[in-house]
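Per Swiss-Prot, the feature compositional bias 'Low complexity' maps to 1-12. If you look up Swiss-Prot, you'll see 1-36 marked as region 'Disordered'. The N-acetylproline annotation in Swiss-Prot covers 2 and is backed by similarity to another entry. Taken from Swiss-Prot, the feature SUMO2 cross-link applies to 6, 21. Residues or ranges marked as ADP-ribosylserine in Swiss-Prot: 7. The feature N6-acetyllysine is assigned by Swiss-Prot to 13 (among others), with experimental evidence given as support. Residues or ranges marked as N6-lactoyllysine in Swiss-Prot: 17, 86 (among others). What Swiss-Prot records for 21 (among others) is N6-(beta-hydroxybutyryl)lysine. According to Swiss-Prot, the N6-(2-hydroxyisobutyryl)lysine annotation covers 25, 117 (among others), on the basis of experimental evidence. Feature annotation from Swiss-Prot assigns ubiquitin cross-link to 35, 121; the stated evidence is experimental evidence. Per Swiss-Prot, the feature phosphoserine maps to 37 (among others). Positions annotated as N6-glutaryllysine by Swiss-Prot: 47 (among others). Here Swiss-Prot flags 93 (among others) as omega-N-methylarginine, drawing on similarity to another entry. The O-linked glycosylation site annotation in Swiss-Prot covers 113. The phosphothreonine annotation in Swiss-Prot covers 116.
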């Protein structure tokens, strides 16, 4: 059994920023692989909508899978649209059309308006 004094402390759940070094048997240190996730952003949105509500790690995992799934669907559809129109670049127009095709009714309208707002904010900040 490894000596607990030599091993690095476990990083906090949900926090994927810090790359801690792990002690190997031969004394050399190696970096732990980073796990990318949307947990920080999901948490920020949760606090904007419901400041007094928390989220379990299991629920965060589900939300992370959901965001990854939606991202892949939109990217795939946008890629197809660009290919159909003989374009090599995915622009905000392809993303917007992909969102309209993938999301139902009112949800698509809200997503498009929020996306347009985000792009406008980004463009004006440049």
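Note: Cβ is positioned from N, Cα and C throughout, glycine not excepted.
Because the structure is a prediction, the values reported are computed rather than measured.
A map of Swiss-Prot features onto the structure.
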residue: 25; record: N6-(2-hydroxyisobutyryl)lysine; DSSP class: coil
residue: 35; record: ubiquitin cross-link; DSSP class: coil
residue: 47; record: N6-glutaryllysine; DSSP class: helix
residue: 86; record: N6-lactoyllysine; DSSP class: coil
residue: 93; record: omega-N-methylarginine; DSSP class: helix
residue: 113; record: O-linked glycosylation site; DSSP class: helix
residue: 121; record: ubiquitin cross-link; DSSP class: helix
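Of the candidate recorded positions, 35, 86, 93, the one lying closest to residue 113 (O-linked glycosylation site) when CA atoms are compared is 93.
Residue environment of the residue listed as 'O-linked glycosylation site' contains 10 other Cβ atoms, counted within 10 Å of its Cβ in all protein chains. Within 10 Å of the Cβ of residue 47 (N6-glutaryllysine) there are 13 other Cβ atoms, across all protein chains. Separating the Cα atoms of residue 35 (ubiquitin cross-link) and residue 121 (ubiquitin cross-link) is a whole-number distance of 29 Å. Distances between the Cα of residue 93 (omega-N-methylarginine) and those of the recorded positions 25, 37, 121 are shortest for 121. Other Cβ atoms within 10 Å of the Cβ of residue 121 (ubiquitin cross-link) number 9 in total over all chains. Neighbour counts were taken at the CB atom with a 10 A radius for the modified residues 25, 86, 93, 117; the maximum falls on 93. Taking CA atoms as the reference points, residue 121 (ubiquitin cross-link) and residue 37 (phosphoserine) are 24 Å apart.
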